[in-house]
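Feature annotations, reproduced from TrEMBL:
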- A:23-560: domain 'Cytochrome oxidase subunit I profile' (DOMAIN)
- A:40-62: transmembrane segment (TRANSMEM)
- A:82-110: transmembrane segment (TRANSMEM)
- A:130-152: transmembrane segment (TRANSMEM)
- A:172-193: transmembrane segment (TRANSMEM)
- A:214-242: transmembrane segment (TRANSMEM)
- A:275-296: transmembrane segment (TRANSMEM)
- A:308-329: transmembrane segment (TRANSMEM)
- A:341-364: transmembrane segment (TRANSMEM)
- A:376-399: transmembrane segment (TRANSMEM)
- A:411-434: transmembrane segment (TRANSMEM)
- A:454-476: transmembrane segment (TRANSMEM)
- A:496-520: transmembrane segment (TRANSMEM)
Amino acid sequence: MVDIRSGASEAIPLAEVEDVELYHPKSWWTHYVFSQDAKIIAIQYSMTAIAIGMVALVLSWLMRLQLGFPGYFDFIDADHYYQFITMHGMIMVIYLLTALFLGGFGNYLIPLMIGARDMVFPYANMLSYWLYLLAVLVLVSGFFLPGGPTGAGWTLYPPQAILSGTPGGQDWGILVMLFSLILFIIGFTMGGLNYVVTVLQARARGMTLMRMPLTIWGIFTATVMALLAFPALFVACVMMLFDRLLGTSFFMPAIVEMGQQLQQSGGSPILFQHLFWFFGHPEVYIVALPAFGIVSDLISTHARKNIFGYRMMVWAIVIIGALSFVVWAHHMYVSGMNPKFGFFFATTTLIIAVPTAIKVYNWVLTLWRGDIHLTLPMLFALAFIVTFVNGGLTGLFLGNVVVDVPLSDTMFVVAHFHMVMGVAPIMVVFGAIYHWYPKITGRMLNEAMGQIHFWVTFLGAYLIFFPMHYLGLLGIPRRYHELGETAFIPESAHTLNMFISVMALIVGAAQILFLFNLAWSLKRGKPSGGNPWRATTLEWQTPQTPPAHGNWGNELPVVYRWAYDYSVPGAAEDFIPQNQPGLGMPTREHAS
Amino acid sequence: MSVMLIFLAGIAAIVIWWMGQQRLTSRPWLEVGHVGHPGGGERSPIPTARIGLYVFLAVVGALFSLFVSAYMMRVGTPDWWSTPIPRLLWLNTASLIVSSAAMQWAKAEAQRGHGATMRTGLLAALATAILFLTGQIFAWRELTQAGYVLADNPANSFFYVITGMHGLHIVGGLIALGRTTTRTWNGVVTDRTRLSVGLCATYWHFMLIVWLILFALFAGWANDFADLCRQLLT
Amino acid sequence: MAVVLILVILAVGSVVFHLLSPWWWTPIASNWSYIDNTITITFWITGFVFVAVVLFVAYCVLRFRHRPGNRAAYEPENKKLEVWLASVTAVGVAAMLAPGLFVWNQFVTVPADATEVEVVGQQWLWSFRLPGADAKLGTSESRAIGDGNALGVNTSDPNGLDDIIIEGGELHLPVGKPVKMLLRSIDVLHDFYVPEFRAKMDMVPGSVTYFWFTPTRTGSFEVLCAELCGTGHPQMRGTVVVDTEADYQTWLQEQQTFTQLLAASKEQQQTAIASSASSTK
């Protein structure tokens, strides 16, 4: 897919990369399989993430079939249902979104956008991918082991996660889940070191921090957060493994399970929840911040206007990243922790709303007086704004401790987090793929298929998750395999569930069209040229498209301006690439 | 979680200090044409590998802070009987200190270009680190034979898990140090050697500090602090 | 312009859906109408913001979409506008947070005259314990669980002997009197959830959690489990009946105390031993 000419790579002068040594592939295997080129690793990461994401999509179909048409599908019994929701959640949050945003977009875009030849530790970068693949395989192996995968819910709360009342609790399911997470975290750490240090150390001359595109700011901040937050999940997984395998009681209090007194005593299930959410809340922003960054660049490029309030946007990303470490217990308002914490965590949580709102204002103010090209990336960016604002606002319900009490653990929560960290970031993923596919392959994605994909996905997803909030208001709890005969649930709620399920099937099917488009356009797409969107950032200025090994040919780019010089008064074109010295603007040269 | 929050506050202080030097309040759209220093990009003078190590140490620090946080939240519950500290641990601590000192010596010799003495230092560090690990295994055996088995009591569980995790990190360090030692076997000191030895030394000092904190924790010298944490977070 | 039209329909449609939706919270049966009010305030504020943002985006697309010869304005930032927007947002957020924290303070402050009722969760069954004539609940621990003592009440605690124990049956509560629900689990996490009462709280094995409320109308209400507790999670149902004081007292008289349960179980064991002894003869 990516054309690497080994001839070109030999010409790269090593002097300018100093202690960052560029590796050179010697055979087909080291070119395309055990590659240390960030671009290849990015594609490997993305394809694996999309493949496992499709598994999670099918799982969501199955659970929606059960919820929409209870009793029609005998093979989806309670055990299977819980296994499906668990695997769906874990795959989507960690193995799809985290891996795709950081491993996929991070690997592809960081070196190109900051003007580097590659990541600084290519070997660790390669290991990162192979550990990720191993983690995915271990995770999937759960489906084939006796007892099936774990059905503990993606939060894996003990004690039930490791007891026999939960599918996989006393079988292999929970073990492979924990091992897989541990592998993922080790692999991610190797990749994450690369993303952070590459941004710190490999920026091209002139690429100051404040000239970096917001995409890089988002990915960079998210990676720093992930490096500090994933250890919490690691610790929780290790301790739970000990509880499950060796009978320790980190999380296990004295328990009488099905009439049997268990050996363990004194452990604290709440301790697990603290560790889990200490990772889990930053995780939300680990997914959201790259999406924030990417969507800023999409909007700016396709509205032909600089991102409004760039400095505010950077500060907001950093502040959101920092604050997200002190809000974790808002997932635990009704967990039985000391209720006094509610005051603190509700306040910090609602404070985060302010920088987040500023980002939203700046996105829409970028549209104001822009020159809006309604390309597919722009459409997805608009869809992101709508769904993110919707999901973010319902977060104000759940973050406000007392409002959370009736709504927590209901379908309202499910609708909220799907809208805000499912639909909205996925909109950005799609927008980003439509945007950067021409750079990765040299061809445009098919527009007609893209339009169908966009409208079905956006409107379908909104129609799935917006009404779902109201099921939660009604009081329907989440994680119910069937609602049963329940007095307060009217017949119409079942009709709504049926509608949601049908929409879910349709939206899922549209993703198959998208995958087809990805494959079809590879050979038959319209050739794009090097800079089809007339964008300013460095990745569009590479000498070859797709970029060759080493990215920049003989000379590294020099950066003369920030990433958002669109429609500058007096300039000949409505964009000025970052590596172009003050063209067409003699008066502004001295302004600093 | 208070230990982790204190650790994060430290990280935040470093980040804020660093960001303070990055001109985050500048107006980039007014700075057209300015390209900074010629020759080389916008990197810091610190070698890239060293920055990578610092970031990695931050991750390792987070990991142990979280283990200690969990320990603090569990310590002192009614079913908690402190694990006695085997006297062997003092010896192990001493060997780890010697190991760290030997690394420092090797680093200094590398700076001076003395290949042969540097090699001696590296070997001494390797040997004492292996001694530490062996000592740890004997300490485990001593405890198990005295009846302090893993699942018997949360204090034991934490002791084995945390020392085990620390031991694994030492093993990882040994692999890196072993590679460095074999690469420098010919005694020729290059810039690369200096960097590798320096990185190993930093890692060694860091793991020593982690060990000293853990040792203080297990010996019960941190109990007052634990009480304070528990009052804050229960 | 399809995009503009769809965005407008989406914004207006969401509001219409909200107003006409038949799916709304169940009629309240406790004192926590404050919570409902806070939700209503939050709906107004967030609904306004949502509609405003989406309509603004629609307007921008309509007004500033690309036409040949168009060029975007150049405006890197507008400090004044940003500060102003941030301040308005902060005020809006505070308007939601302040009543929220105020009500939360009430939620965690149990009135002194609240009677204690214990709820015990296990896979997948609700049990209840009411203080007996001495108005005190006896202590409990899971190690004490055994025959005739499914809830693990300490037999050595005199306060516990007259406690009223309801295994898997209905809980009755008198209307208009505040109750403090003490929540306990003997196996995994559960969550005692009655939609009409609004309040809920996880039950954590190894500790006792609580919430309080005052039932405000009589009737029979369904108890659900709101924290995933294994395969039987959706089937874990129970019933709370809110009675008038007179009905409540009648019901209370019919319930068995802990002592009676212990005695009954002992008798049962003896007859079982006797019958097995006679059958072997």
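Backbone N, Cα and C define each Cβ position, glycine as well.
In TrEMBL, annotation is done automatically, which means it is predicted and not curated.
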Same-chain residue ranges lying at least 6 outside the transmembrane segment (A:82-110) that approach it to Cβ under 8 Å: 38-39, 41-43, 45-46, 48-50, 52-53, 55-56, 59-60, 62-63, 76, 116, 119, 125, 128-129, 132, 135-136, 139, 142-143, 148-154, 156, 166-168, 173, 177, 181, 184, 188, 191-192, 195, 198-199, 215-216, 219-220, 222-223, 226, 283, 286-287, 290-291, 294, 421-422, 425-426, 429, 432, 436, 440, 479, 481, 539
Arithmetic mean of per-residue pLDDT over the domain 'Cytochrome oxidase subunit I profile' (A:23-560): 94
Segment-segment contact (the transmembrane segment (A:496-520); the transmembrane segment (A:275-296)) at 3 or more Cβ pairs under 8 Å: no
The transmembrane segment (A:275-296) versus listed stretches A:40-62, A:172-193, A:214-242, A:308-329, A:376-399: most Cβ pairs under 8 Å: A:214-242
The transmembrane segment (A:172-193) versus listed stretches A:130-152, A:341-364, A:376-399, A:454-476: most Cβ pairs under 8 Å: A:130-152
Segment-segment contact (the transmembrane segment (A:214-242); the transmembrane segment (A:308-329)) at 3 or more Cβ pairs under 8 Å: yes
Chain residues outside the transmembrane segment (A:341-364) and at least six past its termini with a C-beta under 8 angstroms from it: 292, 295-296, 299, 307-309, 312-313, 315-317, 319-320, 323-324, 326-330, 332-333, 381, 385, 388-389, 392, 395-396, 399-402
